[in-house]
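According to TrEMBL, the protein has these features:
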TRANSMEM  B:12-35  transmembrane segment
TRANSMEM  B:42-62  transmembrane segment
TRANSMEM  B:68-88  transmembrane segment
TRANSMEM  B:100-122  transmembrane segment
TRANSMEM  B:151-168  transmembrane segment
TRANSMEM  B:200-220  transmembrane segment
TRANSMEM  B:232-259  transmembrane segment
TRANSMEM  B:265-285  transmembrane segment
């Protein structure tokens with residue numbers, strides 16, 4: 001093969017068999033940070049990071065483990081946010097049901113877009129997902145229930161399961177942290193399952209996977225729907241945290257942003273997208289107060305990542321640790 | 001008044017005209033994308049930014065140097081082509097050996113940078129660029145009124161598309177190009193400087209986008225957003241047509257412009273999504289695209 005595939009070019013070190021002490025130590029440290037964060041950092045900021053981290057991790061399931069670059073994930077993120085926000089505001093859904101509705105919607109949308117997009121490969125796949133999500137953007141722009149340019153504002157946070165008041169920012173935080181943890185562990189489980197191994201086989205050599213008798217399209221579509229659903233979960237939760245669903249969440253810039261988070265953190269690594277999301281969100285928060293144009297900075301990081309470190313931050317660290325062994 | 005399907009003829013024709021104008025831009029832009037993709041195997045996400053740069057180039061020349069429309073028609077594409085040579089040499093040439101997706105991501109980054117800078121300097125509102133005096137006014141064709149400039153754009157775009165097609169199919173340069181697309185190593189061993197050919201191709205594609213930008217300047221306003229508004233539609237056009245053939249890209253471009261114009265008459269709500277809907281149908285029936293080979 002003359003060209004490397006996206007994911008093998010950034011080939012993540014094969015993950016250590018079993019759970020090494022390093023992984024366990026990292027998991028404990030991560031969990032402690034997750035629990036302690038709202039007492040140190042402004043909780044809304046951490047919640048934003050967690051929503052985007054789940055978004056990026058779900059996106060990475062597709063790019064990093066199946067080798068499919070979707071340029072349309074904003075449709076799932078923003079679509080779920082709209083459904084969640086609307087069902088709370090118009091139908092008084094409790095938050096957990098509204099989030100479920102948003103997630104299911106994203107999964108259904110993922111099934112439709114995925115079914116169409118997997119008919120082509122490589123760059124065409126990226127262009128098709130981009131075009132379809134742009135179509136969804138126009139639908140959202142025109143549909144009466146999305147509130148057009150204003151979006152759906154002032155969504156009440158409500159009471160989780162009827163008794164946990166999400167208006168309290170600490171309760172909201174731990175709920176978001178739990179959702180994030182659920183999503184992250186789900187992805188971890190999928191990646192390390194037989195299903196995940198077949199996905200990686202497709203990434204490495206699709207023709208060979210076909211010749212081994214795997215119905216590649218079914219696996220691709222399955223991964224696409226799971227990725228879309230988890231993306232929707234992140235979007236729905238974000239709508240409750242910020243009490244807002246707007247066109248920003250469905251625009252192509254959002255799709256670009258999640259690609260950047262994943263690329264910066266490390267494609268095909270589990271922790272990479274989380275680190276990337278934390279970095280990008282912090283950077284945007286910092287830039288928001290300055291007059292410096294955000295797209296220029298984001299574009300520059302894109303170019304730097306593609307040219308200089310395609311493995312991303314976590315990928316580079318992994319590679320460094322492996323060399324030391 | 002003549003009616004067709006219950007719609008007044010002049011309204012129908014004027015929407016068809018607008019469709020044809022849009023189609024001219026889709027054709028020129030997807031042509032450039034196809035030329036670049038054919039040779040470099042890179043989807044040039046910066047194509048919209050280069051189109052925008054072309055329009056701004058013309059606007060700068062008029063505003064600060066009082067250079068009019070006609071010189072701009074040559075100077076702007078040259079300027080953008082020069083910038084693109086630098087972009088290709090410094091950035092793009094490093095990703096040819098990698099997966100094609102990296103080319104897409106790289107040019108996406110470049111587009112963000114270029115468009116972000118112009119947006120920072122000029123905001124989102126457009127700058128007006130007046131129609132050159134030769135083309136002011138309108139022709140009465142009897143059955144409809146044709147603004148002369150719009151007629152000129154259609155003629156110019158047809159000439160540009162034809163010229164590009166001739167350049168690639170009938171000239172020595174085009175022969176090298178097509179040969180290098182098939183087998184770059186072999187062509188290089190014959191003594192053709194393939195890396196330079198790649199640079200020239202990229203510059204050619206970018207120049208075409210800039211030329212479209214100059215033509216667009218008097219019709220749409222010169223705005224930092226003009227490129228990103230059109231590029232995703234052009235991507236859909238490219239998926240529909242398939243990037244295999246240059247002629248295919250051009251024909252699909254005009255056709256979809258017309259379809260979009262017609263949709264504005266019959267069902268205006270769908271006019272912004274109709275091209276995407278057609279893309280879906282084409283993907284279901286003929287995944288390789290109308291003119292694609294697979």
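Every residue gets a Cβ built from N, Cα and C, even glycine.
Note that TrEMBL annotation is computational and uncurated.
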In contact by Cβ distance (the transmembrane segment (B:200-220), the transmembrane segment (B:42-62); 3 or more pairs under 8 Å): yes
Seg_contact(the transmembrane segment (B:232-259), the transmembrane segment (B:151-168)) with at least 3 CB pairs under 8 angstroms, min sep 6: yes
Touch test for the transmembrane segment (B:12-35) and the transmembrane segment (B:151-168), at least 3 Cβ pairs under 8 Å: yes
Among B:68-88, B:100-122, B:151-168, B:265-285, stretch most in contact with the transmembrane segment (B:200-220) (C-beta, under 8 angstroms): B:68-88
Other parts of the chain folded back onto the transmembrane segment (B:100-122), taken as Cβ under 8 Å at six or more residues beyond its ends: 40-49, 52-53, 56, 87, 91-92, 223-225, 227-228, 231
